[in-house]
Amino acid sequence: MKKADLEKEVDKRRTFAIISHPDAGKTTITEQLLLFGGIVREAGTVKAKKSGNFAKSDWMEIEQKRGISVTSSVMQFDYQGKRINILDTPGHEDFSEDTYRTLMAVDSAVMVIDAAKGIEPQTKKLFKICKMRGIPIFTFMNKLDRDSKDPMELIDQLENVLGIEAYPMNWPIGSGRILKGLYDRYNRRIELYKTEAKGESFIKLDDDGNIVGDSPLKDDSIYQDARSEMDLISEAGNQFSKTKIANGDQTPVFFGSALVNFGVKTFLDAYLKLSPAPGHHKTLQGNEVEPTSPEFSGFVFKIQANMNPRHRDRIAFVRICSGEFQKGMDVTLDRTQKSIRLSNVTEFMANTRENVQTAVAGDIIGLYDTGNFQIGDTIYTGKKPIAFEKLPQFTPELFMRVSAKNVMKQKSFHKGIKQLVQEGAIQLYTNYSTGQYILGAVGQLQFEVFQFRMKNEYNSDVVMEPMGHKIARWIDPDQLDEKMSSSRNILVRDQKGDPLFLFENEFAERWFKDKYPDVKLTAKL
Ligand code: G4P
């Protein structure tokens, strides 16, 4: 591809993830977005994965039982001249480190919040990762067709619970049964809710924000309330700042309802105007790789194992950071400096997995892998070595003691654990004094996948015993005294050999801090 064409292609890309708490409406809004992209799925295809009857999935048992599907991991569609990649961030029981790592591969995030509930725990966790990366975050306050919280309170939560400046792009005129529409200050119009719209969906606003022409809304007290709140925000609220949005310091806020498709197009259109095309990526060599660089590069952010014993292959998900991918190309795997031919690849087009022809920076490709790749690996073409910055480790919140069921089979047990840990499927700790293995995860699914793969790939039955510990805190080795370990905590080492304590709860952590006020404990992320 010529440089000018590559630039044009990269500029078209918008790669994002939707972050939300389960049930806020992520699936519903995803389906609406796909519809705008002209992708008509059989009704509820995205949805069906939840109930587990996702017939198109030819994937592993757990995937099928759980309804997780590779096909829904990345969804690509075209809309208004842009090529959009939505990366799925599984929630519920499917929450895992992969959910976090997916956020390393996007250029922006859409945060969907249930307007009746406000900010919920999982949103908070995912938000933190996006904030750490400094990527733009766009907020959609969903379910406006139901009675919602006071919009002022929702804005206040963004600022005070999440600590991000909020800029309402539009403002609800009522909610639930009295929902009339949206006061859209960004587009200078009122978007009428279906019960109000008789033919026309929009009413124009003049430069002062007043309704142009006659409208019964003018005398409506719900409208007047919304108007005065919007005026108040315009006067006393935050100034719209493209720079702050680009740095993730300000979030544009949109209201609407995914279920009845109200305000979703308005959101998508503004999102496309304000969201970034793929940017540069930093390397460990201290350089920045531009997306339009002619050499191909990318990194593995997720590995999905195939649980079907007859198909041992896995899929390594690669975020392309620069250049153009071509089927059959040879790349260098930075970690081993080995050359690998990328011939068996999938792209994520809508409902089907089609063989990729070309893909550019911003796109995701899935490489069939027989064990070459690890999470965080960089691949590249050209003579100049590239290694992208390491993916962060996430603090686990669930722990299990693990051992081999059959003591005679220690060898396969250790081999399996070593490889799965290396691959990034799970985290491993060892008890400081007894050497006992402890697994750490951010979601229950990781344990199930671990157990399944140990049996199927390494022929090792494992015994796992849940622990009540939930909080992992690292300690500076210089401050460590083994006597600090007590019945209220467990002292362990991580994979690098760094010491940390596992606490059962905040009470135990506080007790420790009171006892050793000079000791600094840190969480990773
Ligand atoms: P998730 O992927 O974030 O977990 O949420 P999902 O889209 O599955 O939505 C969760 C529930 O909320 C669904 O109802 C869905 O229909 C509903 N929902 C989503 N957006 C809106 C909205 O804008 N307004 C209203 N009123 N409801 C919304 P459910 O009863 O759990 O599922 P279903 O039986 O409707 O399929």
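Every residue gets a Cβ built from N, Cα and C, even glycine.
Here is what TrEMBL says about this protein:
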type	residues	note
DOMAIN	11-279	domain 'Tr-type G'
BINDING	20-27, 88-92, 142-145	GTP binding site
Neighbourhood of ligand 1 - binding-site residues from Asp23, Lys26, Thr89 with Cβ under 6 Å: Asp23, Lys26
Reported mean pLDDT - the domain 'Tr-type G' (11-279): 88
Lowest local Cβ density among Lys26, His92, which the record lists as binding-site residues, within 10 Å: His92
Set of same-chain residues at least 6 away whose C-beta sits under 8 angstroms from Thr89 (GTP binding site): Ala17, Ile18, Ile19, Lys26, Thr99, Thr102, Leu103, Leu126
DSSP state at Ser20 (GTP binding site), helix/strand/coil: strand
Surrounding CB atoms that lie within 10 Å of the CB of Leu144 (GTP binding site), all protein chains: 28
Secondary structure of Lys26 (GTP binding site) (DSSP, helix/strand/coil): helix
Candidate with the highest Cβ count within 10 Å, taken from the binding-site residues Ser20, Asp23: Ser20
